[in-house]
Structures are given as structure tokens and as C-alpha cells.
Amino acid sequence: MNGNCYKRIVIKLGTSLLTGGTGKLDHERMADLCRQIADLTRLGTEVIIVSSGAIAAGRAKMGLRHIPKDVPFKQVLAAIGQSQLMNYYDQLFSPHGLTVAQGLLTKSDLSDRSGYLNARNTLLALMELGVITIVNENDVVAVDEIQQAKFGDNDNLSAMVANLIEADLLLILTNIRGLYTADPTLHPDARLITEVKEITEELEKLAAGSSNKLGTGGMVTKLEAARLATSSGVNVIIADGHIPDIILKLASGETEGTRFMPSLHKPDSRQRWMMSGLCTRGNICIDDGAVKAIRENQKSLLAAGVQQSEGKFGRGDIVKLSDSRGKRLGYGITNYSSDDVSKIKGLHTDEINTVLAGNQGPEIIHRNNLVVI
């Protein structure tokens with residue numbers, strides 16, 4: 001473990017790792033992880049932590065045996081536990097001479113461009129001061145997070161943060177070694193996949209078949225997070241947080257867990273904001289021909305390739321693109337409103353004028369305003 005290979009790292013610590021499956025925070029485990037992070041900062045690495053555990057801390061504080069299922073009471077536990085969680089981190093980092101800061105985010109905070117940039121500037125300023133920021137979703141107001149909605153888990157939040165600050169590495173620490181060729185609890189001969197260059201449908205099926213729930217997420221959400229982060233030019237590693245000095249080993253370039261290779265194309269700030277998917281107003285479903293033209297040939301989206309639109313959006317809004325099976329392809333700024341897209345979907349370019357009195361050009365979304373995930 002000589003030096004480190006990364007200047008800026010986001011480390012996601014999940015509930016299963018922090019509690020050891022007991023439902024209570026494992027202070028010894030947390031102390032060891034914080035010690036590794038402190039050692040990393042002394043090597044000049046900037047670190048942000050995305051930490052679960054607020055509800056577990058609140059449950060322990062209130063002496064509850066079981067976690068209630070109703071959302072309002074989970075929010076109460078999150079409110080109680082968040083201060084406890086921050087206090088633990090403060091106690092663990094203080095002996096190393098490090099100050100901690102709390103960063104509570106919601107989807108709405110980052111959904112507009114100014115909020116995205118403000119959050120980015122704050123996190124960068126904290127890193128410049130040498131402060132360890134502990135990020136979590138604001139469970140008290142973000143109902144989607146506790147109900148495990150699509151973008152409401154800390155795997156995806158960690159990818160958002162990595163996207164936001166242009167991290168070099170997103171390290172997702174959990175209680176298994178990484179992604180396997182089969183569920184290792186059912187197939188003893190399952191092999192660890194050490195490197196992933198592309199997240200394919202086959203990999204997604206492997207993740208969906210995993211029996212390990214890993215807190216509120218699971219391997220499916222970890223693949224979603226890896227897709228967003230790697231598309232943003234960030235290296236991603238999923239690894240077992242129980243391995244001795246795992247953070248220091250991975251930061252120095254040692255091989256552990258499953259590594260997801262980043263896209264060769266480094267998106268700019270505007271493209272990264274679009275990639276976050278937080279500002280979308282609707283969805284445009286496109287056919288396989290359009291998917292191929294966009295993904296393989298870097299073409300614009302034309303009306304002929306559109307199958308349907310969902311949601312209400314206007315010209316200039318950001319929309320999600322998905323294929324005929326509902327799989328996300330990317331995001332783009334639309335030249336047409338949802339009403340107009342419904343009118344011209346499937347039409348060839350020379351037919352648009354017969355439907356719309358004044359059209360906005362042949363492209364529904366121009367290639368320059370489109371990012372592929």
C-alpha cells in the first residue's frame with residue numbers, strides 16, 4: 001500500500017456494513033473505517049462519505065427491537081438518529097485531527113441547475129478545507145428514500161455525489177466481495193467478476209437474481225449507481241468492507257472486489273447535471289433503430305424513431321430516453337413539447353410540416369443536447 005492512485009474519492013458505507021446485520025451501529029467497524037479514511041487524507045486524497053445508518057442509530061437511541069414499517073415513524077427515527085450518527089463520526093474522526101460536516105440532500109435540491117451548482121461548490125469548498133463531509137439523503141422530508149423509490153437509495157445518491165464533484169473513484173463498500181457469475185449463496189462454484197467494461201443485460205440479470213438484499217439497495221441498485229458514475233467518467237469498485245485495510249488497498253491500486261471501468265468520454269458539467277436524471281420532465285420511448293443510431297453512431301433523435309412520450313414537458317425541457325422495453329438510454333433537451341411529440345412520433349422529417357404549422361427542425365433531440373448512460 002504505497003501512496004494512492006486517486007485524488008478524489010466518494011466512499012459509500014451501507015447499513016449492512018455499518019450494523020453487521022444486527023440493526024445497531026457497529027462502533028468498532030466504524031472506527032476502523034474512519035481510521036482508514038483518516039490515513040487516506042494524510043496521503044493527500046479528498047474524501048466524501050455517503051453514509052447510511054440514521055434509522056438504525058435512531059432505533060438504538062429509542063431502544064426499539066424492531067424497525068417499524070410505516071414511513072412517518074421511520075422519518076422520526078431518521079430525525080433522531082441523524083444527530084447520533086454525526087456525533088459518532090465526530091468522535092471517531094476527532095482523534096485524527098479531522099472535522100466533519102453534515103450534508104443532507106434531496107432530489108429537489110439538485111433538480112435545477114443552480115441548486116446543483118450550489119451543492120457542488122459547497123462540497124468542493126469543504127474538501128478544500130480538509131473537512132470530511134458525511135452525506136445522506138434527507139430522510140425527514142424525502143419520503144421516496146424510505147419507501148425505496150427508484151432514485152431513493154444511497155447507492156444512487158453516492159453516484160450522484162461522485163458525478164457532482166467529479167470524483168476519480170466511487171467506492172461502494174458492502175458485506176460481499178462484489179458481483180458474481182451466479183448467486184454465491186446458492187452456487188458455491190460462482191466466480192467473482194473482477195472487472196466490468198460494460199454493464200450488459202446479462203449482468204443486470206445476474207444482479208436481479210442475487211438473494212443478498214444488502215440493506216435498502218441490493219446489487220441491482222449498485223449496478224444502476226455504477227452505470228451513472230462510469231458514464232460520468234468515474235471509476236467504480238464494489239468491495240467487501242470487512243477486508244482489513246480495504247479502503248487503503250483499493251486507493252493504492254490493489255485488486256479487490258468488482259471494478260467498473262469509466263467511460264472514455266469525460267462529460268462536461270452541463271452533461272453531468274443532465275446525467276443525474278433529477279431534472280427530467282418526461283420520457284420519450286424510442287425504437288431499436290433509433291437506439292442503435294444514438295448509441296453506436298452518435299446520431300440525433302428524429303421523429304421517425306419515437307414510439308411514444310410520457311409525462312408533460314415543454315420545448316427546452318430535459319427528458320429521459322428509454323428503449324421499447326423501458327430500459328434507460330440517456331437524457332436530452334427536447335426541441336418539441338410532449339403534445340407535439342405525440343403528433344409527430346413515427347413520422348419522417350418531410351412529413352412533420354403536414355402535421356405542425358411551424359416545426360422546430362428535424363431533430364426531436366439534437367446530438368449536442370443528448371447524453372447516453
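Just so it is clear, glycine is given a Cβ too, placed from its N, Cα and C backbone atoms.
A C-beta separation below 8 Å, combined with a sequence spacing of at least six in one chain, links Thr221 (ATP binding site) to Asp153, Asp155, Asn156. Feature annotation from Swiss-Prot assigns ATP binding site to Lys12, Thr216, Gly217, Gly218, Met219, Val220, Thr221, Lys222.
Around Asn154 (substrate binding site), taking its Cβ as the centre, 27 other Cβ atoms fall within 10 Å, counting all chains. DSSP classifies Asn154 (substrate binding site) as helix under the three-state reduction. The substrate binding site feature in Swiss-Prot is assigned to Ser52, Asp139, Asn154.
Under the heading domain 'PUA', Swiss-Prot lists 281-359.
Put simply, Asp139 (substrate binding site) is 21 Å from Val220 (ATP binding site) when counted between their Cα atoms. Each residue contributes its Cα atom, and for Lys222 (ATP binding site) and Asn154 (substrate binding site) these two points are 9 Å apart. DSSP gives Thr221 (ATP binding site) a helix state. Using a 10 Å Cβ-Cβ cutoff, Met219 (ATP binding site) registers 28 neighbours. Helix, strand and coil residue tallies for the domain 'PUA' (281-359), in that order: 27 helix, 24 strand, 28 coil [DSSP].
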